[in-house]
Amino acid sequence: MINEKDTRLSKAFITVSFIALFLGATAGLLQTLVRGGVIELPAGIGYYQLLTAHGVLLALIFTTYFIMGFLYAGISKTLGTLYEVPLKTGWLGFWMMTFGTGLATVFILLNKATVLYTFYAPLQASPWFYIALVHVIVGSWMCAFSMWRQYYIWKQITKKKLSPLFSFMAVMTMAMWFIATLGVAAAVIFQFIPWSFGWVEKIDILISRTLFWYFGHPLVYFWLLPAYMCWYVVIPKIIGGKIFSDALARLSFVLFLLFSIPVGFHHQLLEPGISHSWKFFQVVLTFMVIIPSLMTAFSMFAVFETTGRRKGAKGLLGWLKVLPWSDVRFFAPMVGMLIFIPAGAGGIINASHQLNQVVHNTLWVTGHFHLTVASSVTLTFFGISYWLIPYLSGRTLTKKMHKLGIIQTVMWAVGMFLMSGAMHLVGLFGAPRRTAYTTYSDHPQAAEWIPYQAVMAVGGTILFLAILLVLYIAYYLAFRAPKGETEFPIGEVEAAAVQTPIILENWKLWVGISAMLILIAYTLPFWHMIEHAPPGSQGYKFW
Amino acid sequence: MHIHKYEKIWLWFGAVCLVGFLSIVGVSAYAMGNQPPSHMETLDPKTATATAPFDKPGLFKKGSKEYEAVMLAQAFTFTPQKLSVPVGSTVTFKVTSTDVVHGFQIPATNVNMMITPGYVSTITQTFTKPGKYLILCNEYCGTGHQVMAVTLEVTA
Amino acid sequence: MPQLETNKPKKLKKAEKEQDLKGTLLSVMLLGLFIILSWGAVYALYLSR
Ligand code: HEM
Ligand SMILES: [Cu+2]
Ligand SMILES: [Cu+2]
């Protein structure tokens, strides 16, 4: 059993994450209804205000809080009860982040920060919005320090060279997060805050965008890696199998650290001021980060097949049938994994240099990340919740909840198929993202998009109902389910698997290479931006 | 480290695909000139409307069926608001912003780029089908973002 | 895939290591095919514009 004090920290994080999920999903529902032409917002609420709330609360808050709750529970499980310093630092992180989240939400609701979650300059929010963001970032660093400290103490005490796979992955995820958030923290602290308070008059836009996207791409891996942790470590145990290869799992996480950061230009492919050679160079690095995902795909199918064969499955694909489809702890993440196939394919397209011209800033992109983060990751997080919440609350996952969870997953898949599918298609026709309902003065091209936007509204409504269902399940598992013990499923390694080389846990080496790659990919183009910078921009509040 | 034979096959297959994709876009970019818009020219966004060529935005004929469209992006419209070229024309768009970041997209074509204040963005497109094309802003720029569009008529 | 050969104990050990993963190979190859097709489709759209 997990220590009572540790459960409290995890529970705190998960509670905030589900509150953010509810608020963000409400905004999402309204957005689809507006774009579908079903409703008009009452005066006083703007579409872009909702969109800012949706982006911040879901992409930044729901994900980060859930990840912290999950990682803390897993670290406490695999490295033992949190020591005093890690626990206290964890709470410090929680309160800093929560102060920041509250402050940001208030300023968004006051319509003082309608700049969307990417807050591109020179749109200028209230300085308190940026101060709120700093608290969220620095608070998350506290959590990183606290997890690393726990890991360090564990190593000191046990004198082991290799840590448990889960904790290795957690440390790696936080390492990547820390390196990545240095960029956005620099932009917010050194550019946005002085500028929004009026201490300096102008801001360099291209530098702020570059620092943002230096963070923005690893951000998506920060969402994804905890889902991969569930797939690599938790799923094998749930289906009654073994981890395919400890070494390959670690190797893939090492590759994520190395290649997920020096690639931010693939979000800036269509903007001036960055030479196409540097863009192409980062596109090549972007393609490197696809390799560990290909490895993950193989590992997952291999776990399913070996487990199925051990259970006596015959034929080429007979193992599919013996998977525990009625176990929601498996079903929800599995649907998430399957959705990652089109999601990943879309990502390769987005990153393909000039091919980006077909999809950039169209609804295709919105469709894409509702498959990645809002389905693959989110469904995996729901799948984790179904055992993590009762594990923390000392209750059990009942048969009925399994069933409801499966209905929830199916609703999500159907809703997302409609919403994201329509977004992908209409995006290829050219419909822009981040745009309120519009007919562009009855332009015939825009008129063709409206039916797709209506399908989005249907999908969005189903998704919202699915959110209500998952919230009910979470509430039930936290407060109503029968008391009992629920396990934290941690897989064991296949006996025949090779010994893991200890070099995979050589932090100095990997962080060093990561820093080197970042310097190679960014130093010259960044220097060029500073050298050839145009005069900066004053702030604008166009909302 | 030991890797299963099939995994090796798969990873090699994947790597070859990725190299294939990169070669296709690489050749298209470097041998055929299809680079994503990456213009390096800068100017002062505050005085952009007084800086040539943006002091006189408009459509200029540069050759037979060759045009240059000098355009300003400002919340929430583009200048000039109406453009018209004969079918088969090649138009080079030269755009800058006087205020915030905007987008510049012509649906159903490959024209798609960001307009960052302080920079000039350019892109070239040949219009082979007649019709009324939308030029729209695809980056959030404020409350009126959804109306920020002008039309380009390609006449038969 | 190395097959079991009863007269060679050394190979037997290896066969134990190399699990039967034909279904996995098929699955990932289908996945690869899907990626190629979708990429090709959007590339074709790019060329046609
Ligand atoms: C009830 C479920 C959901 C619905 C109905 C929904 C709907 C939407 C819609 C309509 C948009 C914006 C379209 C536009 O660009 O104008 C959007 C944007 C977005 N959504 Fe969702 N969504 C849902 C769940 C999620 C989840 C769970 C996440 C992440 C974990 C998420 C992340 C995002 C992000 C990051 C954006 C982009 C915001 C921006 O462009 O600034 N959404 N969503
Ligand atoms: Cu990215
Ligand atoms: Cu706009």
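Using the three backbone atoms N, Cα and C, a Cβ is placed for every residue, glycine included.
The following features are taken from TrEMBL:
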| type | residues | note |
| --- | --- | --- |
| DOMAIN | A:1-480 | domain 'Cytochrome oxidase subunit I profile' |
| TRANSMEM | A:12-34 | transmembrane segment |
| TRANSMEM | A:46-73 | transmembrane segment |
| TRANSMEM | A:85-108 | transmembrane segment |
| TRANSMEM | A:128-148 | transmembrane segment |
| TRANSMEM | A:168-193 | transmembrane segment |
| TRANSMEM | A:213-235 | transmembrane segment |
| TRANSMEM | A:247-265 | transmembrane segment |
| TRANSMEM | A:280-304 | transmembrane segment |
| TRANSMEM | A:369-389 | transmembrane segment |
| TRANSMEM | A:410-430 | transmembrane segment |
| TRANSMEM | A:450-478 | transmembrane segment |
| TRANSMEM | A:509-530 | transmembrane segment |
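Taking pairs at least six residues apart, the transmembrane segment (A:369-389) and the transmembrane segment (A:85-108) share fewer than three Cβ pairs below 8 Å and do not count as touching. Long-range neighbours of the transmembrane segment (A:410-430) within the same chain, counting only residues 6 or more positions beyond its ends whose Cβ lies under 8 Å from a Cβ of the stretch, are 32, 335, 339, 346, 358-359, 362-368, 370-371, 374-375, 378-379, 382, 445, 448-449, 452-453, 455-456, 458-463, 465-466, 469. Here the listed stretches are A:46-73, A:213-235, A:280-304, A:509-530, and the one with the most C-beta pairs under 8 angstroms to the transmembrane segment (A:247-265) is A:280-304. If you count C-beta pairs under 8 angstroms between the transmembrane segment (A:213-235) and each of A:46-73, A:128-148, A:450-478, A:509-530, the highest count goes to A:46-73. If you look at the transmembrane segment (A:46-73), the same-chain residues 6 or more away from its ends with a CB under 8 A from one of its CBs are 2, 6-7, 9-14, 16-18, 20-21, 23-25, 27-28, 30-31, 34, 82, 90, 93-94, 97, 101, 104-105, 108-109, 111, 113-118, 136, 140, 143, 147, 170, 173-174, 219, 222-223, 226, 229, 373-374, 377, 381, 384, 388, 391-392, 434, 436-437, 488, 543. The stretch from A:128-148, A:450-478, A:509-530 with the most CB pairs below 8 A to the transmembrane segment (A:280-304) is A:509-530. Proximity of distant same-chain residues to the transmembrane segment (A:509-530), defined by a Cβ-Cβ separation under 8 Å and at least 6 residues beyond the stretch ends, is recorded for 175, 179, 204, 206-207, 210, 214, 254, 257-259, 261-263, 265, 273-275, 278, 281-282, 285, 503.
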